[in-house]
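Copied over from TrEMBL:
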- 5-43: domain 'Sphingolipid delta4-desaturase N-terminal' (DOMAIN)
- 43-61: transmembrane segment (TRANSMEM)
- 68-88: transmembrane segment (TRANSMEM)
- 150-172: transmembrane segment (TRANSMEM)
- 184-204: transmembrane segment (TRANSMEM)
- 210-231: transmembrane segment (TRANSMEM)
Amino acid sequence: MGNRVSREDFEWVYTDQPHASRRQEILAKYPEIKSLMKPDSNLIWIVILMVLTQFVAFYLVKDLDWKWVLFWAYAFGSCINHSMTLAIHEVSHNSAFGQCKPMWNRWFGIFANLPIGVPYSVSFKRYHMDHHRYLGGDGVDVDIPTDFEGWFFCTTFRKFIWVILQPLFYAFRPLFINPKPISYLEIINTVIQITFDVVIYYVLGVKSLVYMLAASLLGLGLHPISGHFIAEHYMFLKGHETYSYYGPLNLLTFNVGYHNEHHDFPSIPGKSLPLVRKIAAEYYESLPHYNSWIKVLYDFVMDDTISPYSRVKRHQKGSVVLE
């Protein structure tokens, strides 16, 4: 195995996040960046178009052979559904209708959730806000893998399986790390989603339903776009906690690759993050970054010094206010 990582290889820190201090410095030097903190109305129309595209795909696959259902689920549907989860990420930051209309964003997120097949939008919002407030927070940030994940998925083959099963770990990890009482919006999200799934099954048949669910499972697992899960915060270089990606897949992912920029300015929509980097170039050009998510996946699986343990974890200071 070579230099196998262990639980002790979590980097424990007691300091505050670097993003807050960098944000203050940048805003002091470039106050015009505040003008970018406004909703992206184009996001609304893009999401509607994506949802309608998947509706058409549901109809087109209903009579295909099973092999072609699964082929198109991976070749096409996976890209749309993964991109849709990142649209929901944008909506969770109120980028569709702005900070003054939070409920419009929540309802729109539930609408965007429909082609994914599994209720996701409302719960993601609740946990993702904790990820920003308490990045790497032990027992709070559910983006941090569990001890079991780090202990078990430590070999090349097991890490490969872990990458395939990423959507399942992201779905169930909150129940073990930071379970929250179910909110009424989560119940609504679930009821609407299950109703939609049942309608798809009865109107179009089981193949359309399988296409929808397979597109989500495959698209969030072993897929080029899924490299962003690992690229964002896995510590390939000691001391560097967040990494940006400046490759072409940002076109499909609402610029989620601009991740240092996003954590510095979470209220700025993805479409404007390249402008943040351009304005404050001296703050970002020196930071390590990626140009290929595929290479990130390959390096994660093949490098025996990297595992789910390769994250920064923080001891929380003071009280924690959860979403």
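Note: Cβ is positioned from N, Cα and C throughout, glycine not excepted.
All annotation found in TrEMBL is predicted automatically rather than curated by experts.
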Checklist outcome for this item: If you count CB pairs under 8 A between the transmembrane segment (43-61) and each of 68-88, 150-172, 184-204, 210-231, the winner is 68-88
Checklist entry - Is it the case that the transmembrane segment (68-88) and the transmembrane segment (210-231) have 3 or more CB pairs under 8 Å, with pairs at least 6 apart in sequence? => result yes
